[in-house]
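S.K.: Annotated transmembrane segment per TrEMBL: 12-30, 42-66, 87-110, 139-158, 170-188, 232-253, 274-295, 315-340, 360-380, 400-422, 442-464, in sequence order.
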Amino acid sequence: MKTKKKGGFSGQLGFVMAAAGSAVGVGNIWRFPYLTAKDGGGLFLLVYLALVLTFGFTLLTSDLAIGRKTKMSSIYAYGQVKSGWKFLGYITFVVPALIMTYYAIIGGWITKYILIYLTNSSKDAVKDNYFTDFITSKVSPIVLMLIFMTITSIIVFLGVEKGIEKFSKIIMPGLFVIIVGIAIYSLTLSHNVTLPSGKQITRTGLDGLKVYVIPDFSGLTVKKFLQVLLDAMSQLFFSLSVSMGIMITYGSYVKDDIDLNKAVSQIEIFDTAAAFLAGLMIIPSIFVFSGVEGMSAGPGLIFISLPKVFNEMGIAGKVVGLVFFVMVFFAALSSCISVLETLVANCMELFKVSRKKVTVILTLIYMLASIVVCLGYNVFYFEVKLPNGSTGQLLDIMDYISNSFLMPLISLISAILIGWVVGPDWIIGEVCKNGEKFRRKLIYRIMIKYIAPVIMFVLFLQSIGVF
Ligand code: PHE
Ligand code: NA
C-alpha cells in the first residue's frame, strides 16, 4: 500500500515556515483580537497561552507525528495507525474538503480591499453597506475568488519544496515584519474624542495597550470563566490548523532526522506571536478611534471597522491600509495553500494519479463549488439558524460543519485512538526516534489521555447547541 512520497520539505526551516504559513491566517487576525477584547483582555491572553503550551502542543505533536511516521495523508495515515480506523481519515478529509469551498472566496474579498487601497478609493469603503453590497454583488466576488484560487493552485501545482516551501520561506518573515511594523505604529496613535456626555478626552495607543493586556476580572463569574475557556480552546485548534488533516499531510513531508518536538514549539511560538501582535495592531487602533466596546469578529472587523479606522488616520491610513491588506492576503493565501495541498495529497494517494493532474481537476471542481457558495449571497440566498445559535448563509453553513461540528469530533476520536487504543508511546517513540528529547512529555500523556477527550467532548456538545 505504501507509495513512496516524491517531494518533501528540504529541512527544518522550510517545514516550520510552511506549517506556520498554514497556522497564521484570518483566525489570528479577525478572531483572536475580537475574543481577547470580548473576554477580559489579559485574562483571555493568559488562558490562551496556558492552553497553547499544553493542549495545543498535544494536538499539534500528534498530527505531525502521525504524518511523519506513516508518511501518508489523513485517509491512509489513520488506517496505518490502527487497522479499522481509516474511517477517521475519511471524516478528517471532509474538513478541508468543505473549507476549500469558501476559503478562496474570503481570499477574493481581501484582494478587493487591496485593489481599493491601490486605486485610492478607500473613502468609498467607509460608506455604510459598502462591504455587504460588494459581497452580495454577482460578478466581482466571483472574479476575485477565481484569481485567488488560481494563485493558490499554481503554488500547489509546483510541489512541496519548489512551491509551498519556497513561497513560505519568503512570505512568512515578511508577514511578521509587517505585523510588527503596524503594531508599533498603532501604539503611537492618539486621537481626541468627545464622549456622549460632551466631555473631551484624548485616547492614545498606550491606553489601548492597557485595555488589551491588563486582565479585566470585573464581573467575572464561574460561568463567564468557562465561556472564556471554551472560546480559547476552539480558537486554539482552529488557529493551529490541527484536526483537519493539514498537519498530518505536512508531517508526512518531514524528514526523519528533524527534531519534531522543537519544530512544534517553533510553530506554536510563531502562530501565537502572530495572534498576539495582530491584537496589538488592531485593538489599540480601534480603541483610539472608536472605543473597543463595539468591536466585531469575523469579516466585519477587517472589512468594515478597520477601513473606518484607516480613514481616520488620513494619508498614513492609506499606506497602512494597503500594507495591512497585503499582509492579510498572504496570510490567507498560505493557509489556503495548505487546505488545497491536503486535498491534493489525499487524492494522489487514493487515486494514484500525479500531483499536476489532481491539482488541475480539484481546482476546477472547487472553482465551480465556490461559484455556488458565492451565489449563496444573492441568487441562492437563504438564511438558516445554526445549532450553535448563530444564523448564516451557505458560507456560514460550510464553516459551521467543518470548524464547529467536525473539528472537535475528530480531535475527540483521534485523542481516544492515540491515548487509549495505540497509546501515547506510539507518538512519543516517533518524536524521539533518533534519541531527541521530548520536552513536556508528562503533559503530553496526561493531555492526550484524560484532558483532551473531555475538552473536545464539551466543545462538541457546545457546537450542537447543548449549552
Ligand atoms: N489556522 C488558520 C487561522 O488561524 C485557519 C485555517 C483553518 C487555515 C483551516 C486553514 C484551514 O486562520
Ligand atoms: Na492561526
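Heads up, the Cβ atoms here are built off N, Cα and C, so glycines get one too.
Predicted automatically and left uncurated, TrEMBL annotations should be read as such.
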S.K.: Please work out whether the transmembrane segment (315-340) lies in contact with the transmembrane segment (442-464), by counting C-beta pairs under 8 angstroms that are 6 or more apart in sequence and asking whether there are at least 3.
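M.R.: Since fewer than 3 Cβ pairs under 8 Å link them, the transmembrane segment (315-340) and the transmembrane segment (442-464) do not come into contact.
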S.K.: When only pairs 6 or more apart in sequence are counted, do the transmembrane segment (42-66) and the transmembrane segment (139-158) reach 3 or more Cβ pairs under 8 Å?
M.R.: no
S.K.: Examine the transmembrane segment (400-422) against the transmembrane segment (274-295) and state whether at least 3 Cβ pairs sit under 8 A, considering only residue pairs 6 or more apart.
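M.R.: Contact criterion not met.
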S.K.: Given the transmembrane segment (170-188), which of the listed stretches 12-30, 139-158, 232-253 has the most Cβ pairs that are under 8 Å apart from it?
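M.R.: Selected stretch: 12-30, with the most Cβ pairs under 8 Å.
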S.K.: Counting only pairs 6 or more apart in sequence, are there at least 3 Cβ pairs under 8 Å between the transmembrane segment (274-295) and the transmembrane segment (442-464)?
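M.R.: The transmembrane segment (442-464) and the transmembrane segment (274-295): touching, no.
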S.K.: Between the stretches 12-30, 232-253, 360-380, 442-464, which one has more Cβ pairs under 8 Å with the transmembrane segment (139-158) than any other?
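M.R.: Ranked by Cβ pairs under 8 Å, first place goes to 360-380.
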S.K.: What same-chain residues lie close to the transmembrane segment (442-464): Cβ under 8 Å, and 6 or more beyond its ends?
M.R.: 53-55, 57-59, 61-62, 230, 233-234, 387-388, 400, 404-405, 408-409, 411-412, 415-416, 418-420, 424, 427-428
